[in-house]
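What follows is a single structure, written as C-alpha cells, with notes after it.
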C-alpha cells in the first residue's frame with residue numbers, strides 16, 4: 001500500500017485527461033452524441049454513467065476471484081444491467097422530467113462500451129478500492145466531456161447555458177439559467193446530431209493541439225540541458 | 001546526349017488551377033445573368049457578400065496555418081465555392097445566412113480537411129446543407145420571378161431587405177412573395193411537391209401562375225443558362241461529359257419511367273431537368289474535380305448515383321430539391337468508386 005498515492009494520481013491523470021473515455025478512447029459515443037443538446041442533459045447522463053461505472057467496477061472487482069474466465073463477460077453485463085436498472089428506477093422516481101428527456105439513453109447505458117471496457121480492462125484485475133477510484137475518474141472524465149459538449153451546443157444552438165437545470169438539481173437551479181444572447185433563428189444544426197459530431201471533432205482537435213503544445217514546451221529545456229552537458233565533457 | 005530523368009506523372013495539364021477555376025466562374029455567367037433578370041439584383045449582393053467572406057476567412061485560416069495567404073487567393077477555388085453557394089441560396093435571404101454558410105464552407109469543410117484538393121465534401125454544398133438544416137425558412141423563401149412580383153423592388157430596396165429584413169416602404173419578405181391573390185407562392189418544385197402530396201393532379205397543379213410553358217417561370221431559363229455554361233465547359237475540356245451525363249440520365253430515366261406509370265401524379269421529366277438546381281448541380285457542382293470520382297467509369301457511376309438520389313429524394317424525400325444532399329452522399333462513395341474503377345495499366349490484367 002506504500003505506492004498507493006501514486007497509483008491514485010496515475011488513475012486520475014489517465015481517467016481525466018490522458019486516456020479520457022470520450023476524447024481519447026472514443027467510447028460511448030452513442031449517448032455522448034445523442035443527448036448532449038444541453039448542459040443539463042449532458043450532466044444528467046454523465047452522472048448516471050458515473051454512478052453505474054463506480055458501482056459496477058466495485059462489484060466486478062469484488063467478485064473477480066469467483067467468476068470463471070469463460071463466462072466473465074455475461075456476468076459483467078449482468079452486474080452492469082443491475083446498476084443501470086437501479087439508476088433508471090431512481091431517476092424515474094426523483095427526476096421524472098429529466099428521465100423523460102433522456103429517454104432510451106438511460107437503459108442504453110448498459111451498452112456503453114466504456115463501462116464494460118473498464119470492468120474488463122481494470123476492475124477484473126485490480127483490488128476494489130483502486131477499481132472504485134478508476135471508475136470515479138473515468139466517469140468524471142466522461143461527464144466532463146458531456147458537459148463541455150452540451151455547453152457548446154447549447155450556446156450555439158440556443159444562446160443559453162444551464163437551461164432546465166432545475167430538472168436535475170431542484171428548484172433553486174432555475175437561477176443558474178443564463179441567457180447569453182437571443183436570436184430569432186437559432187443555429188439548429190448545433191442541436192441536431194450532425195452538430196454533435198462537428199463540435200466533438202473540434203473538441204478532440206483542441207485536446208490534441210494542447211497535448212502537442214505541451215509536449216513541444218516540455219522538450220525545449222531538455223535539449224538545452226543535453227547541449228550543456230556535451231560542452232562540459 | 002543526355003536524357004532528362006523526370007518523375008511521374010509524365011503528362012501535364014495545360015492549365016493551372018487558377019485558369020480552370022476562371023473558366024468555371026466565367027461559364028456560370030449566363031445562368032447568373034438570367035437568375036438576376038428573374039430574381040433581382042439580390043443575386044449580385046449575395047455573391048459579393050460570399051466573396052468578401054470567403055476571402056477574409058481564407059486569409060485568416062491561412063494565417064493560422066502559417067501558409068502564404070496569396071497562395072490561397074491565387075488559385076481562385078474560394079471564388080468558385082463562394083459564387084456557387086451564393087447562387088444556390090434565395091436572392092433576398094438575410095445577410096448573415098450567406099456569411100455563416102461561406103464561413104462553414106471555407107473554414108470547416110475546406111481548411112479543416114487540409115485546404116485545396118484535400119476536402120472530402122463539396123464545400124459549397126456542405127455549406128448549403130448546413131444552412132438548409134439550420135435555417136429552413138430563409139433557405140426556402142425564394143423571391144417571386146420579376147414577372148409575377150406585385151411590389152416593384154429597387155436596388156435600394158434589395159439592400160434594405162437583405163440587411164434589415166424590410167424594404168424601404170416597410171414590406172417584409174413574406175409580403176414580397178405574395179402573388180396577385182395574396183397567397184405566398186412557393187418555388188415550382190415545392191409547390192408541385194405539396195400539391196401532389198395532397199392528391200391533386202399534375203394538371204391542376206400546373207395551372208398555378210408560377211408555371212410557364214416550359215416549367216416554372218424563370219427557373220427553366222436559369223437552368224437553360226447553366227446548361228449553356230456547362231456545355232462550354234465540356235467544349236473547353238474543363239470537365240468531361242461523364243458526370244453531367246450520368247447525373248442527367250440517372251435523374252431522367254427513373255423520372256420518365258415513374259411518370260409513364262403515373263402520368264398525372266408525378267413530376268414530368270422535363271420539369272425535373274429544368275427545375276431547382278438540376279443543371280447547376282450536373283455541370284458545376286457534381287463536377288468539382290476534388291470531391292468527384294477520378295476515372296471515367298467512376299465518374300459515370302458517380303453521376304448516375306447523384307441523379308438517382310435526386311429523383312428519389314424529390315419524389316419521396318422530405319425536401320423539395322435534393323441536389324446538395326445527393327452530391328454529399330455521392331462524395332462519400334468516391335473512395336470506394338476510385339478503388340474499384342481504377343483503370344488497368346497497359347499490359348496488365350486482361351485474360352490470364
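Backbone N, Cα and C atoms are what each Cβ position is placed from, and that goes for glycine too.
In TrEMBL, annotation is done automatically, which means it is predicted and not curated.
Reduced to three states, the DSSP call for residue B:187 (FMN phosphoryl threonine) is coil. For B:187, the entry in TrEMBL reads FMN phosphoryl threonine.
TrEMBL lists B:20-38 (among others) with the feature transmembrane segment. Residues 44, 47, 75-77, 79-80, 83-84, 87, 91, 145-147, 217-219, 221-226, 228-230, 232-233, 236, 238, 279-280, 283-284, 289 of the same chain lie 6+ residues outside the transmembrane segment (B:20-38) yet bring a C-beta within less than 8 angstroms of a C-beta in it.
As annotated by TrEMBL, transmembrane segment applies to B:95-113 (among others).
Here TrEMBL flags B:125-144 (among others) as transmembrane segment.
Among the features that TrEMBL reports, transmembrane segment is placed at B:210-234 (among others). Sequence-distant neighbours of the transmembrane segment (B:210-234) (same chain, 6+ residues past either end, Cβ-Cβ under 8 Å): 23-24, 27-35, 37-39, 144-148, 179, 185-189, 191, 240-241, 244, 270-271, 273-276, 278-280, 282-284, 287.
Look at TrEMBL and you will find B:241-261 (among others) tagged as transmembrane segment.
The transmembrane segment annotation in TrEMBL covers B:267-286 (among others). The list of residues near the transmembrane segment (B:267-286) in space but at least 6 beyond its ends in sequence, with Cβ under 8 angstroms from a Cβ of it, reads 24, 27-28, 31, 84, 87-88, 122, 124-125, 187-189, 192, 196, 202, 214-216, 219-220, 223-227, 229-231, 233-234, 239, 243-244, 247-248, 251-252, 255-256, 259, 292, 302-303, 306-307, 310-311, 314-315, 320-321, 323-324, 326-327, 330.
Positions annotated as transmembrane segment by TrEMBL: B:298-316 (among others).
Listed stretches B:95-113, B:241-261, B:298-316 were compared with the transmembrane segment (B:125-144); the greatest number of C-beta pairs under 8 angstroms is found for B:95-113. Tertiary proximity for the transmembrane segment (B:241-261) is limited to same-chain residues at least six positions away from its ends with a CB under 8 Å from its CB atoms, namely 230, 234, 267-269, 272-273, 278, 281-283, 286-287, 292, 296, 299-312, 315. In the structure as shown, the Cβ atom of residue B:187 (FMN phosphoryl threonine) sits within 10 Å of 22 other Cβ atoms.
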